[in-house]
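What Swiss-Prot records for this protein:
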{"type": "BINDING", "residues": "63-70, 127-131, 181-184", "note": "GTP binding site"}
{"type": "DOMAIN", "residues": "54-341", "note": "domain 'tr-type G'"}
{"type": "TRANSIT", "residues": "1-35", "note": "transit peptide"}
Amino acid sequence: MLLSLTFPVLRGCTGHLVNRSLQAPRWRVTWKRSYSLLQDEVKSLRTVVNPDISKIRNIGIMAHIDAGKTTTTERMLYYSGYTRALGDVDDGDTVTDYMAQERERGITIQSAAVTFDWKDYRINLIDTPGHVDFTLEVERALRVLDGAVAVFDASAGVEAQTMTVWRQAEKHQIPCVCFLNKMDKPAASLRYSLDSIKAKLKANPVLLQIPIGSGKSFTGLVDLITRQKMMWQGNALTNDGRSFEINSLQPSDDPNVLLAVSEARAALIEQVADLDDDFAELLLGEYGENFDAVPAVKLQEAVRRVTLARKGVPVLCGSSLKNKGVQPLLDAITAYLPAPNERNHDLVRWYKNDLCALAFKVVHDKQRGPLVFVRIYSGSMKAQSSVHNINRNETEKMSRLLLPFADQQIEIPSLSAGNIALTVGLKQTVTGDTIVSSKASAAAAIRRAQAEAESRSNSHSAALAGVEVPEPVFFCSIEPPTMAKQADLEHALNCLQREDPSLKVRIDPDSGQTVLCGMGELHIEIIHDRIKREYKIETHLGPLQVAYRETILQSATAKDLLDRILGEKRHVVSVELTVHPLKENSSASCDITFEEDVKAMLPADVREAVENGVQSAYLQGPVLGFPVQGVQTVIQNVRLESGTSAAMVSACVSRCMLKALKQAGGQVLEPVMALEVTVGEEHLSSVLADLSQRRGTICDIQSRQDNKILLADVPLAEMMGYSTVLRTLTSGNATFSLELSSYEPMNSQDQNILLNKMAGLT
């Protein structure tokens, strides 16, 4: 059970050292380090509300599902003194998995923000999902972080979702530290994991620790920088991991360990010298005769420079479940990952000391309404103050400011740059919005940017880059139990959409039904469950359907004339346009261009009305009414009489577009998923046979320890209920992950089958 964070007994964050060398030989020193408070003490964040920005670390934990992210987070909270008991995913009593569905399923769905202190540092930590249906949660967490910890299962190496998340981190140029978890598993392999990081992530692993023992005999680590041995005594049942012994390596230690450390440290020094010129000069200048004599502090500084430059990734190891190796990981976070002022954000410098923050998540609280997570990039945020939302052009009053501790919060008066906060009272703000102190502040930032670039007045935005929202791939209808509950359902869906932008809700124009669009079966299932649990509405879901797309096969030109009298006004507009298929990439977004003379002739408001008409037509393709992709529209002529409204222009353009799309011939595009299945060799043939019946294309079959890794491309429509089938085929001894690969044209036979199915003929 989570206890109050405001316990009156306050202690410093630094662990204390107890000398245990009384019975040791004089030349040998043994230390026992305790990294937590007494069992009945819980620390309070009120000790330091606004730490120095150099002491802040905004960190994300990311990995494949079941690699141990949440367990690692729980150990961090325990050893730093913010929880009394060790939370366990299997027991359903973790701090960061606070939604009922998360505790039942043992997976992380929403990115829970946790703030805690480690030694002299403030760590704002985000625990992100490892399931592909919740990729947006990872994306929006990474958008506001300065560093990341990638957690790997040491017996599996780099897995499918790890590669997806790693690509997201690379896009945001986030320095990373790798943690090889589950070193206690019999199949755990340090060498395999390092090779996997090199081969699959194209990263440069910088090994900082080697394990002592393997499998069940894994008892400790050796730090290659300091040459110190860390040993945890007993097992997870008898030792919570708070105390462990640190010994300097001695000649009397195991010769195999000494040899392994000597070779690994020499390799580390050589690798860092190759990656960091300053360190290479230091070695050749002062330590040319004996590289191994380089001081640990100099080596650590070089590793930090390599990490911040993203030339290499420090690799540590341990077992979070067995309470081993987490404290050194916390030390590595503070030692190697950047402070907020070490990350470059171009736009932020134009605000100088004024407030600039990004809203990266919204959750709903029944008593307090919407709670908005914000990352403060510059200036400070104060409770009971007004702030301006640049994206919505709205000024709102923020009533309260909170520090997040999973599902608990501490109220604070203000918070400075570099921190992550939770705000109450921002009712219009959604994910990706930029928050500043005032309209005047935003205008001043734009002026500074223009002066620096000596560019035109409209070439700069005062808004930070938002969060990219992926397109949904599944949809289904949702109905309330009675019409009396329709308004309640609409309110629930509005709240859930603000929390989760990857959830789309639309009204079917033909049936009038409410339609949910999501990222996968599990995503839709979780939304359905939340409506029942949190809003007490028993809804009915229709059959799950695939979100297809459409494109065109050839170019076509169409003309249209609209001549209509509304009231006493006559509206006349004529349009001519041509649509072309974008052959090089049928999955590309659509494009709109005007011929030069047309663009020069039309006023800006008419051009906007034309673009709205084209965009409206792109929403419904000519074959099945799915959204259109891979089409370029060229506007060749637009003529209208004075008094013609913008709405009539849009209507005429949309009607003309529909003609052109039909003439061009439609093609259905289906989502194709990249599938990775991990299965024992004894079940491989049955899995392959099943995939061949699902129109799957086998890309590769790899080996990982005793398992086979099957990589395939499979149409999403064929993957409905695959988890149940795979469990049956392999007696539960297989795992799989899916990721959207591309939209591909369906062959004529499959398209006809789909057309008949949609028409209700099959």
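Glycine is no exception: its Cβ is also placed from the backbone N, Cα and C atoms.
Following the DSSP three-state reduction, the secondary structure of ALA63 (GTP binding site) is strand. ASP66 (GTP binding site) is surrounded by 19 other CB atoms, counting those within 10 A of its CB over all protein chains shown. Across the domain 'tr-type G' (54-341), mean pLDDT in this model comes to 86. For ALA63 (GTP binding site), the Cβ neighbour count at a 10 Å cut-off comes to 29, with all displayed protein chains included. For LYS69 (GTP binding site), other Cβ atoms within 10 Å of its Cβ number 28.
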